[in-house]
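Just below is one structure, and these are the notes that go with it.
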């Protein structure tokens with residue numbers, strides 16, 4: 001018999017095989033004809049009529065019609081994180097990453113470039129030396145050596161691995177972004193993908209729900225359809241977040257790259273936990289999660305921004321995509337008690353710059369913008385886009401009006 005196979009990237013090919021052969025034999029034929037790198041047997045999943053084909057079952061048992069096709073989904077093996085040992089010569093380029101971070105951590109990372117190696121050369125004083133290590137670079141940190149030193153005392157040692165991954169240059173950065181976003185679909189490709197997955201035997205509502213839960217990753221959407229969309233199990237783990245992640249009470253604009261840059265150092269020192277767990281305690285990540293849940297199509301732009309500002313974090317995300325998506329799917333926490341207080345203070349002193357309310361779940365976050373930024377947002381709104389979407393796109397594109405306009409025009413605004 002001749003089996004027609006189709007990938008989620010619309011590649012179609014045919015394999016001749018005896019119906020008495022098993023599914024595993026078909027996988028081995030696919031690997032031999034298409035290459036071990038692209039179609040490894042261990043990573044293949046064959047799907048027909050909404051069911052995963054079992055390796056030990058004969059092909060004739062599934063009654064595969066030669067006029068129909070079998071979907072081939074290849075899952076990449078989970079990469080092993082090796083970013084921790086790369087801690088040699090950190091003083092080359094840590095300052096650019098530290099400068100791009102938010103003011104709360106910029107003051108903490110400012111002393112990191114010069115004493116990055118001296119604290120590691122004197123490990124005799126571990127816990128007590130945290131204050132002395134932060135008091136030595138007092139000229140770089142200027143004032144406030146006491147209170148900031150209590151929270152970011154870890155950062156001088158933590159920033160060392162960051163430049164190790166950023167040294168290869170822009171090519172590696174773009175490769176990371178392509179790897180993280182290659183499987184995401186938007187615009188017309190989204191509709192094509194919905195139709196394609198529906199041809200496997202699923203209802204449109206199921207397909208759209210799975211794509212939304214996977215943030216338009218078709219491979220993972222098919223997994224969710226087959227295995228079930230994950231619930232809110234991981235949200236129970238966020239019961240008592242550590243208090244050290246409280247930056248400043250003032251609301252910050254949702255520039256996700258800055259949020260990512262502030263947390264670069266923490267990625268390599270989450271002892272015993274998942275490399276991405278530290279994001280849960282970052283107010284910027286909670287803001288990012290809220291934005292993405294409202295509009296999943298913004299995810300590629302946000303990943304691109306993270307790749308520019310923080311390639312190490314993007315690498316961690318690409319290596320743990322499933323965990324990252326589960327974290328994004330968690331319900332947004334009502335953190336309005338602390339952030340709301342800071343926002344109220346900013347609103348009370350209004351009259352200088354403009355204030356724009358960002359849509360939230362149950363509360364409003366006010367973002368302070370300059371008159372020029374407000375004019376740019378009004379111009380984007382004049383194109384016919386809703387204000388909430390315009391604000392998200394404008395800040396996601398680093399306040400680049402032209403880029404935000406192009407991004408908005410490329411999106412599909414059909415209500416699910």
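Count begins at 1; order follows the chain as displayed.
Glycine residues also receive a Cβ, built from the backbone N, Cα and C atoms like all the rest.
Across the domain 'Ubiquitin-like' (1-79), the prediction's mean pLDDT works out to 87. For 1-79, the entry in Swiss-Prot reads domain 'Ubiquitin-like', with the evidence type sequence analysis.
Residues annotated as compositional bias 'Low complexity' in Swiss-Prot: 83-111 (among others).
As annotated by Swiss-Prot, region 'Disordered' applies to 83-175 (among others).
Annotated compositional bias 'Pro residues' per Swiss-Prot: 112-121, in sequence order.
Residues or ranges marked as compositional bias 'Low complexity' by Swiss-Prot: 122-143 (among others).
What Swiss-Prot lists as phosphoserine is 160 (among others).
Taken from Swiss-Prot, the feature phosphoserine covers 174 (among others), and the record attributes it to similarity to another entry.
Sequence-distant neighbours of residue 199 (phosphoserine): no residue of the same chain at least 6 apart has a C-beta under 8 Å from its C-beta. Under the three-state DSSP scheme, residue 199 (phosphoserine) falls in the coil class. Residues or ranges marked as phosphoserine by Swiss-Prot on the basis of similarity to another entry: 199 (among others).
Swiss-Prot lists 274-317 with the feature domain 'STI1'. Counting residue by residue with DSSP, the domain 'STI1' (274-317) contains 38 helix, 0 strand, 6 coil.
If you look up Swiss-Prot, you'll see 333-356 (among others) marked as region 'Disordered'.
Look at Swiss-Prot and you will find 337-356 tagged as compositional bias 'Gly residues'.
The annotation domain 'UBA 2' is assigned in Swiss-Prot to 371-411 on the grounds of sequence analysis.
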DSSP-assigned states of the domain 'UBA 2' (371-411) in counts, ordered helix, strand, coil: 32 helix, 0 strand, 9 coil
